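Annotated signal peptide per TrEMBL: 1-16, in sequence order. Taken from TrEMBL, the feature transmembrane segment covers 43-61, 73-96, 116-136, 148-170, 190-214, 265-289, 295-317.
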Amino acid sequence: MLWVWSLLATAASSTPLPFNEPGSSAHSPVVYGEPVGPRTCFVVTSKICICLLSGLLGYRVRLFDRNSLHRITLTQVYVLVLYILSIGFVFASAIVHNGLGLKDNGSCQASMRICITFYASTKVTMYLFLVERVHAMRASHLSRKHDFFWLLSTLAIVVSLGTICLAGVISPVYWLSSVDGRCRIGLQRYAVIPLLTCDIVVNLYLTLVFIYLLSPLVKDSRAFGAGFANRVAQGIGTLSRTAKQKAAFDLQRSNQVMTCKLEKLLWKTLIGCVLVIVPTAGNLAALTILVGKELAFVCLTICTLDVTWAAVVFHWLTLAGSDEKESVSTT
């Protein structure tokens, strides 16, 4: 009888097997966690992204010296914060995925909350950078508390993205499959659809406002030629019908150096907007369609590449000095 009680105790304390689908083996237990292949792939991806982001952060820090720390601008602070948050996201994702292994509900839930928290934080930092850049172009002589555009834009970004992030953290979608033992995560559609809409609308709006503020500089097409970026700026200025009122400064036709700088700035702004929106929209669209059925490995990998790509794009946008400095120097 002792062996009978031992057998019953072992059966009671063992992990229950999932429901066997037709054609599946009744004696093959489910191994929870990520297979070796995806784990190895994410290890390589996270290490490459960490090295790249660390290099960008080191390059940015190297530009500062002790004498210039008191002259650091808010846009430069936002860029540094973006690098740090991106590194933190990749580091935390690597711990959850490679360290904990996504073998239980706790680590599966943590992966979703880490993803949405760091992801939303990087987006807020990016858009605050764009708001600050517009403030530098629009009303650099005003303090931020007296600039209603800066106040309203900052409040709208923090409240909207913060609310969406809070909704995703409070009610994340996560579950361990009883078939393959792998973690699947996602967001409810009431959270991911507003996030996708807010992401695209805010990015486009701030980019168009920045180009609109540059439109007085290119109102004389003969001085700038017929470049595509200049035509876009002229079109935005014409549609607004108020560009003439803002034409407080013009460029001389002989100033070819500043002409090239402005053309380059317009191109970088347009290309940067597209490069940031497209991968983010694709990632959020996938979350909208799958609704919690996306593998945590796939979601974390795509988000890691997304935040790294966004950091690289913003590094490229600010590589030759802050955009607002280039523009204000034309006055």
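Positions of Cβ are set from backbone N, Cα and C atoms, glycine also.
Automated prediction, rather than curation, is the source of TrEMBL annotations.
Computed from a predicted structure; not experimentally measured.
For each feature listed, report its degree of burial, its nearest neighbours and the pertinent distances within the displayed model.
Among residues of the same chain six or more beyond the transmembrane segment (116-136), those with a C-beta under 8 A of the stretch's C-beta atoms are 74-75, 78-79, 81-82, 85-86, 88-89, 92, 144, 147, 149-150, 153-154, 157-158, 161-162, 164-165, 168-169, 172, 187, 195, 199, 202-203, 206-207, 209-210, 213, 276, 280, 303, 306-307, 310-311, 314, 322-325, 327-328.
Residues of the same chain lying 6 or more positions beyond the ends of the transmembrane segment (148-170) and with a Cβ under 8 Å from any Cβ of it are 112-113, 116-117, 120-121, 123-124, 127-128, 131-132, 134-135, 138-139, 187-188, 190-192, 194-195, 198, 202, 206.
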